[in-house]
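Shown next, in structure tokens, is the structure this report addresses.
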Amino acid sequence: MAHIKVVGGGTSVRGSTLQVSAQADFGYGVHNEEGLFDPGQPLLLELCRDARMLVCISPSVDRLHGERIRQYFRTHFAPEQYRFLVLSTSESNKSIENVLRICEAAKAFWLDRHGLLVAIGGGIVLDMVGFAASIYRRGIRYIKVPTTLVGQVDVAVGVKTGVNLSGSKNLIGTYYPAYATLNDRGFLSTLPAREMRCGLAEIIKMGLVCDPEIFTALEAHFLPPVSRHLEHPLPQEAVLGAMVRMIEELQPNLFELNLERLVDFGHTFSMSLETVSGYAHAHGEAVAMDMALSACLSNELGILGEAEFERILALLEVVGLPVFDEALCSVDAMWQALMEVNVHRGHRINLVIPARIGEGMFLHRLEDVPRDALARAIRRMSVLSQRHAVAALGSAGEPLERASGA
């Protein structure tokens, strides 16, 4: 569970200026549990026993799991202790208006400074509820219960909250740690194949720039001779490995005072690909295209070897993730994306590219990316994506008939 305390500090007088000094110490737990809402599972009860709670849940999770979740609350908490709020979860609903709606619902339920917000759903719900928790009464506790693979390996371990504004993704938000994060992989059994692929993009990301064993575990799982499909449980060494590597990368730099972040691999061109497509591309799909283009650029610059570049494309291909969008990935559009990121990251693009599988490196400035090299990478990805489109037919990436559980 999270703790925040002020340590050390003091006050000094310098002429007419009073200087205040304080330091905050942050900590939070990411729990991986089975059967989180089984009647005999005590974890949520122990965390929330005496708290008043507003439980925010996505419509699809409410439809698929709502009765079981509500029964848990009926069993363990008094009726006046909690209230449910169903939140719309499209990118167009990831807005300050919905954050204010959460705050208004919390006020109407008389949630005080000791109250709790509980977020149950995918990344959009978690981001909005976290933002609301960070500003309601200047900050109350909240618990994250991610129900998507992206949520469990990425959003679960970080402290960022945010919503979209003026056509920009996550333009406003805060850094605010959850009181606790509760992962239950049972939720993934009702996740649609597309959402599973999006989560896999984030796991592949960590394998490519931080840990080659994550990448090879996924290769062994999805590629011949094993060739497992998405309905098979993912290798836990890859899932937990991605979470551990994510925490290791985030922990020394939770508030992003250093804007050189390996975890930003796949998150440079992808922001433009998502927004310009009107969010027709899901986040993980945009990340996959970004990773493919960044790997191709690294290869064009003579950094990433040809064999490893082919391995990267092969894994993305067999999982069923897109690697290129001809309509969106023009040289002008991708160069514009770099310029926008240059502003966002303090006039340094800090573009992460794979030097080899398991090791990332930075191209810090715009001048480190020759426009002609980017153009060559885009032309090559255009050709390779045609091969990818043909090979994907009948691959392990074919859609599975699953209910939507995002």
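Note: Cβ is positioned from N, Cα and C throughout, glycine not excepted.
Marked as NAD(+) binding site by Swiss-Prot on the basis of similarity to another entry: 91-94, 123-127, 147-148, K160, K169, 187-190. T147 (NAD(+) binding site) falls within neither a helix nor a strand when secondary structure is assigned with DSSP, and so counts as coil.
According to DSSP, H267 (Zn(2+) binding site) sits in a coil region rather than a helix or strand. Around the Cβ of H267 (Zn(2+) binding site), a 10 Å sphere holds 21 further Cβ atoms from the protein chains shown. Annotation comment: Swiss-Prot describes E202, H267, H283 as Zn(2+) binding site, evidence class similarity to another entry.
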Worksheet, complete the sentence: Given the Zn(2+) site E202, H267, H283, its other Cβ neighbours within 8 Å of the Cβ centroid, in chain order, are V150, D154, C198, A201, K205, G266, S270, G284, A286, V287
Worksheet, complete the sentence: E91 (NAD(+) binding site) to H267 (Zn(2+) binding site), Cα to Cα, whole Å, comes out at 17
Item to complete: Give the sequence-ordered list of residues that share a chain with V125 (NAD(+) binding site), lie 6 or more positions from it, and have CB atoms under 8 Å from its CB.
Response: C56, I57, S58, L87, T89, A119
Item to complete: Run through the Cβ atoms and count how many others sit within 10 Å of the one on K94 (NAD(+) binding site).
Response: 25
Response to the item:
If you tally other C-beta atoms within 10 angstroms for each of the binding-site residues K169, H283, the top scorer is H283
Fill in: Which of T147, S189, all binding-site residues, has a Cβ with the fewest other Cβ atoms inside 10 Å
S189
